[in-house]
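Engineer: Shown below is the structure under consideration.
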Amino acid sequence: MAPYSVVASVLAAAPPQQSGSVRQLPSTINRAITQRSQSRHVASASSASSPTTMLEERDNLWEIGGPYWWPFSSFTPPAHLDGSLPGDRGFDPFSLGTSWGQPPVDVSDPNYDESRLRWLLEGELYNGRLAMLAVVGVLTVEAQGKGPWWEIPGNLNLFGTPYVVAVVGGHLAFALLEKKRLENFRETGEAGHFGAARFDPLDLTEANPLGTDYNRQAEVRNCRLAMLTFLGFSVQAWVTGKGPIENAKDHLASPFEANIFTYGDRGTNVVAIFSAFAAVMHIAELAREKKAEDKPRSRNRTLSGSS
């Protein structure tokens with residue numbers, strides 16, 4: 001899929017189009033954002049020294065809706081998500097932001113927890129960018145009639161080089177690039193790409209009149225959409241044995257005869273697995289919120305008992 005990487009890079013770098021000026025959020029949402037910002041700790045780093053992946057203006061959201069992914073306004077986001085990261089909707093039901101991941105910085109660093117969140121964001125962006133490239137490659141391969149996308153890699157012959165040799169060479173090249181990314185993160189707080197901690201060779205960030213925050217939010221949205229899309233492609237391949245374009249044609253031709261429930265146990269199992277995961281995720285969020293509410297109460301009881 002290497003010949004399509006240039007096209008994919010352009011698509012990945014371009015922010016989604018939006019007609020007219022950016023709409024202001026409703027007053028109720030503005031109030032929710034104000035309350036959210038006041039209830040969270042203030043970031044210590046200035047915008048000049050912060051990584052370019054951080055928002056210049058906290059809670060600078062373009063999505064219509066509140067700053068919290070949970071549909072009930074009475075719930076509050078986790079304390080470690082302070083709105084300074086792009087795409088921050090308070091989504092961390094399993095509290096991974098406080099325990100998951102080991103950033104390449106000293107554990108004794110006073111900003112270690114902030115580095116962890118930035119490191120997790122780098123992981124999301126990196127996987128999302130790969131997913132955007134993969135989605136374009138999957139669709140292009142099938143649109144050209146070259147067969148299912150999962151069968152293509154083993155049949156490729158890149159410039160007369162056997163596929164295995166190309167894979168080994170690619171891994172060695174990426175190992176060097178990953179080493180540079182780690183060094184960049186230690187020095188600047190972001191990893192970047194191809195040796196640059198701020199990878200923007202076409203200056204698309206500065207060229208967008210909507211501002212850098214819009215670009216950062218747009219990239220995170222596109223990354224998440226691409227990761228979900230590629231997951232859908234993979235599930236389709238396992239359930240139906242067909243590519244996304246062929247599946248779409250079959251479903252549009254006969255919606256009631258070609259859908260996830262008409263492919264036997266595999267389709268039913270997929271629905272059951274995703275439904276169970278969604279239920280566990282919401283239960284975990286309820287438990288996290290309940291725990292957050294109990295902490296102040298316990299502290300108040302302790303203070304009243306000692307006085």
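Every residue number used here counts from 1 along the chain in the order it is shown.
Yeah, the Cβs are placed from backbone N, Cα and C, and that goes for glycine too.
Sharing the features that Swiss-Prot gives for it:
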{"type": "TRANSIT", "residues": "1-44", "note": "transit peptide"}
{"type": "REGION", "residues": "34-54", "note": "region 'Disordered'"}
{"type": "BINDING", "residues": "Thr52, Met132, Glu190, Arg198, Asp200, Leu204", "note": "chlorophyll a 6 binding site"}
{"type": "BINDING", "residues": "Glu63, Tyr214", "note": "chlorophyll a 7 binding site"}
{"type": "BINDING", "residues": "Ile64, Asn127, Glu178, Arg181", "note": "chlorophyll a 5 binding site"}
{"type": "BINDING", "residues": "Gly65, Tyr68, Arg89", "note": "chlorophyll a 1 binding site"}
{"type": "BINDING", "residues": "Leu81, Pro86, Gly90, Phe91, Asp92, Glu124, Arg224, Phe274", "note": "chlorophyll a 2 binding site"}
{"type": "BINDING", "residues": "Leu96, Trp149, Phe230", "note": "loroxanthin binding site"}
{"type": "TRANSMEM", "residues": "111-143", "note": "transmembrane segment"}
{"type": "BINDING", "residues": "Leu120", "note": "chlorophyll a 3 binding site"}
{"type": "BINDING", "residues": "Lys146", "note": "chlorophyll a 4 binding site"}
{"type": "BINDING", "residues": "Glu151, His251, Pro255, Phe256, Asn259", "note": "chlorophyll a 10 binding site"}
{"type": "TRANSMEM", "residues": "161-186", "note": "transmembrane segment"}
{"type": "BINDING", "residues": "Tyr163, His171", "note": "chlorophyll a 11 binding site"}
{"type": "BINDING", "residues": "Asn208, Asn215, Ala218, Asn222", "note": "chlorophyll a 8 binding site"}
{"type": "TRANSMEM", "residues": "213-238", "note": "transmembrane segment"}
{"type": "BINDING", "residues": "Gln236, Asn247, Ala258, Ile260", "note": "chlorophyll a 9 binding site"}
{"type": "TRANSMEM", "residues": "265-289", "note": "transmembrane segment"}
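Structural setting of the listed features?
Structural biologist: Note on Met132 (chlorophyll a 6 binding site): other Cβ atoms within 10 Å of its Cβ, all shown chains, come to 23. Met132 (chlorophyll a 6 binding site) falls within a helix when secondary structure is assigned with DSSP.
For Tyr214 (chlorophyll a 7 binding site), the count of additional Cβ atoms within 10 Å of its Cβ stands at 19 [all protein chains shown].
Following the DSSP three-state reduction, the secondary structure of Arg181 (chlorophyll a 5 binding site) is helix.
Annotation note: Tyr68 (chlorophyll a 1 binding site) sits in a coil segment as assigned by DSSP.
Taken residue by residue with DSSP, Glu124 (chlorophyll a 2 binding site) is part of a helix.
A simple way to gauge crowding: the CB of Phe230 (loroxanthin binding site) has 21 other CB atoms within 10 angstroms, across all the protein chains here. DSSP assigns Phe230 (loroxanthin binding site) to a helix.
Other Cβ atoms within 10 Å of the Cβ of Leu120 (chlorophyll a 3 binding site), summed over all protein chains shown, number 17.
Cβ neighbours of Lys146 (chlorophyll a 4 binding site) (same chain, under 8 Å, six or more residues apart in sequence): Ile152. DSSP assigns Lys146 (chlorophyll a 4 binding site) to coil in the three-state reduction, placing it in neither a helix nor a strand.
Listed in sequence order, there are no same-chain residues at least 6 apart in sequence whose CB falls under 8 Å from the CB of Glu151 (chlorophyll a 10 binding site).
If you take the C-beta of Tyr163 (chlorophyll a 11 binding site) and look for same-chain residues 6 or more apart in sequence within under 8 angstroms, you find Pro153, Gly154, Asn155, Leu156, Asn157.
In this view, Ala218 (chlorophyll a 8 binding site) is surrounded by 21 other Cβ atoms within 10 Å of its Cβ, with every protein chain counted.
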Engineer: Would you count the other CB atoms within 10 A of the CB of Ala258 (chlorophyll a 9 binding site), including those on all shown protein chains?
Structural biologist: 17
Engineer: Other than Gln236, Asn247, Ala258, Ile260, which residues of the same chain sit close to chlorophyll a 9? List them in sequence order, counting a residue when its Cβ is within 8 Å of the Cβ centroid of the site.
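Structural biologist: Result: Val239, Thr240, Lys242, Asp250, His251, Asn259, Tyr263, Gly267.
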Engineer: Tell me, in order along the sequence, which binding-site residues from Pro86, Phe91, Met132 have their CA within 10 Å of His251 (chlorophyll a 10 binding site).
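Structural biologist: Passing the 10 Å Cα cut: none.
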Engineer: Measure from the Cβ of Glu190 (chlorophyll a 6 binding site) and count the other Cβ atoms within 10 Å, all protein chains considered.
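Structural biologist: If we count other Cβ atoms within 10 Å of Glu190 (chlorophyll a 6 binding site), we arrive at 21.
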Engineer: Taking Cα atoms as reference points, rank the binding-site residues Tyr68, Asn127, Pro255 by distance from Ala218 (chlorophyll a 8 binding site) and give the first.
Structural biologist: Asn127
Engineer: What's the most sparsely packed of the binding-site residues Leu96, Ile260, counting other C-beta atoms within 10 A?
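Structural biologist: Least crowded of the binding-site residues Leu96, Ile260, by Cβ count within 10 Å, is Leu96.
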